[in-house]
């Protein structure tokens with residue numbers, strides 16, 4: 001091959017290589033453009049993934065779904081119109097109680113940042129259930145937990161966290177400054193009632209969607225106090241019961257009707273010889289039933305039921321299966337206060353089913369220990385002590401405490417009835433144990449018409465803690 005042919009051959013090869021390289025570069029550019037177009041086109045397409053977050057903006061619940069596309073997060077939003085909880089359904093028929101939650105707050109608090117609390121309770125919206133609780137402005141196993149046996153102080157606040165979680169600074173939200181409280185959701189927003197201030201002039205601050213909407217001043221100047229459990233909502237109105245006056249004698253009791261955080265009506269009960277404290281209230285077929293604590297002279301529980309116009313009836317649970325603590329052994333009941341061991345008491349609850357009643361109570365007749373549910377098929381109206389079902393919740397050898405009712409509306413469960421539920425406070429520390437603090441964890445159960453089991457679900461923390469030694 002002569003020199004000219006070599007030059008032509010080499011030039012041809014270089015040209016072919018150059019053309020191939022150019023084609024590859026053009027293909028690469030086209031590929032990048034197509035990929036970018038696909039990503040851009042998908043930005044406004046909601047897709048399914050595993051993480052959803054609920055936020056609240058301008059009285060509209062917003063479902064935010066995070067969509068992962070090529071390591072980039074986009075947010076697809078779909079508004080859910082708020083609807084007031086009807087509250088018109090009857091209680092669901094049940095045969096027993098299934099465990100719903102247990103927070104193990106004291107066990108976790110031995111090494112973790114967990115609030116010192118008391119008076120926990122549960123309330124549900126149409127989207128979620130939350131545990132509400134009164135903190136002492138302190139953490140377990142810390143010096144500020146000293147002396148937290150005290151009920152009323154300026155450091156106490158109402159806070160909330162997702163049900164079943166130990167209450168900590170990392171999962172809890174502030175609700176109100178309070179040493180006595182109630183809260184509930186009307187289907188549109190949360191209503192909180194927080195009482196704070198001096199014993200002779202406390203004020204209840206009402207908040208709706210976190211904003212102060214009204215206040216209620218102590219009218220007897222003697223420790224204004226409320227339920228320590230959820231209020232009850234029907235057709236956009238929420239109802240709560242408050243007490244003002246002696247804890248060991250005749251006091252004053254009022255029912256309040258609240259709409260969007262504003263008191264629209266109230267009535268004082270005409271209830272001589274009755275004593276109502278720390279009522280546990282629930283809606284049933286459009287009306288409200290509250291079962292309360294008689295701290296004056298009754299070892300059975302007083303009740304008040306009322307309609308949305310606050311027309312009310314009052315009475316005591318007649319059953320000889322007594323529900324308060326302290327109390328006598330079961331025997332002959334009364335539709336008025338049973339005076340034997342009637343002084344003092346503990347917050348509790350019952351659910352009325354016609355003439356029958358589910359009674360929640362401590363197992364011990366003299367101390368806040370153990371817990372059980374008892375079904376008395378005639379107990380709302382009859383005075384005998386016969387019952388047909390008893391389900392163990394906490395063994396008598398383990399501490400219990402306050403207990404109260406809450407419900408899950410059909411808008412949450414999808415059922416055609418109101419599901420009855422209850423929680424039990426498991427108090428630990430002072431005055432019964434050798435610690436510098438008083439706090440508690442909680443368990444909860446919901447009524448079902450299927451298989452259940454009796455057992456013991458105690459607090460389970462090993463005391464004392466490091467701070468106590």
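Backbone N, Cα and C define each Cβ position, glycine as well.
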Name the one residue among 324, 330 that Swiss-Prot lists for the same Ca(2+) site as 294, 298.
324
Quick one: give me the count of other CB atoms within 10 A of the CB of residue 368 (substrate binding site).
19
PLDDT averaged over the residues of the topological domain 'Intravirion' (1-6)
60
Row residue 233 (disulfide bond), column other C-beta within 10 angstroms, all chains, value 27
Return the count of C-beta atoms lying within 10 angstroms of the C-beta of residue 293 (substrate binding site), excluding that atom itself.
27
Of 231, 279, 421, which disulfide-bonded residues are close to residue 293 (substrate binding site), meaning a Cα within 10 Å of its Cα?
279
Select the most exposed residue of 118, 152, where exposure means the fewest other Cβ atoms within 10 Å, treating these as the binding-site residues.
152
